[in-house]
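If you check TrEMBL, you get these features:
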type	residues	note
BINDING	41, 42, 43, 44, 45, 46, 65, 124, 129, 151, 182, 313	NAD(+) binding site
DOMAIN	37-218	domain '3-hydroxyacyl-CoA dehydrogenase NAD binding'
DOMAIN	225-321	domain '3-hydroxyacyl-CoA dehydrogenase C-terminal'
SITE	179	site 'Important for catalytic activity'
């Protein structure tokens, strides 16, 4: 679904998407040279972003998480992925060791004081993200790009959290979304989303760095769900409704989509891999922000999340793991 576009073409957007024109001219300039990346959040997405950046972009990566346990788990997973790539001859041992050496885990956000580019990849909790970006604006150098991996929260709102003075766009103009697809080491697509404050230079830097990571970029307006989840989540939600109302059973729903539309997995299995709590959170954002009843979350989806049946990560969802 993602389209390959040059940076020049990526910036040629419809007038409704040219929100960065509101940014001050002082925020324009040369594209930031990224020598050190910061990643906030050592979960599956954050670890994947950090590892791919080390492997493909060959940059030093500081991986930050408030939980030492999460960091240890993430780094162990990185070792496992690298060992698997060596075993399958995708990497030499020397290349794997080099990528691993570029990763530095820490529990201190202050360690990002020398980062050129930061990607936040924490759970979809608005207040948590706002708090992190408020701190990043104070900690990071004045040239650093501040990116979020949010799958649904307004980039404009996140950017606004970097300052108490809306007329001061020195930090908010450097906020952008780099929405990676899961799992990051496998999926090529990245959505780049500008907020109202995002400068052209910031957008250009985000596109350039994601390409350096070997990704294919698509540019989206700051609209609820952006592109990927605006299309994907209602599809999953409708599949859950079909299951709940007896239109089809689990296996029939997934089989017809796999065998009839040539997708690698059906919507219910895909929901399990994404996480049913994540699917529900995004559907709630779509429903609340648009006010359109077509985005109302399935009752069954809400009930399964209440039961703690979150999919693969909890061991039970539409399937057992």
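Cβ coordinates come from backbone N, Cα and C, glycine included.
Secondary structure by DSSP for the domain '3-hydroxyacyl-CoA dehydrogenase C-terminal' (225-321): 66 helix, 3 strand, 28 coil. A C-beta separation below 8 Å, combined with a sequence spacing of at least six in one chain, links residue 45 (NAD(+) binding site) to 121, 149, 180, 182, 184.
For residue 65 (NAD(+) binding site), other Cβ atoms within 10 Å of its Cβ number 24. Proximity of residue 129 (NAD(+) binding site) to non-local residues of its own chain (separation of 6 or more, Cβ distance below 8 Å) is seen for 120, 122, 148, 150, 153, 158, 161, given in sequence order. One residue stands out among the binding-site residues 41, 43 for having the most other Cβ atoms within 10 Å of its Cβ: 41.
Comparing residue 179 (site 'Important for catalytic activity') with residue 65 (NAD(+) binding site), their Cα atoms are 19 Å apart once rounded. For the recorded positions listed here (179, 182), the lowest count of other CB atoms within 10 A around the CB belongs to 182.
Spanning the residues 41, 42, 43, 44, 45, 46, 65, 124, 129, 151, 182, 313 that the record associates with binding NAD(+), the maximal Cα-Cα distance equals 22 Å.
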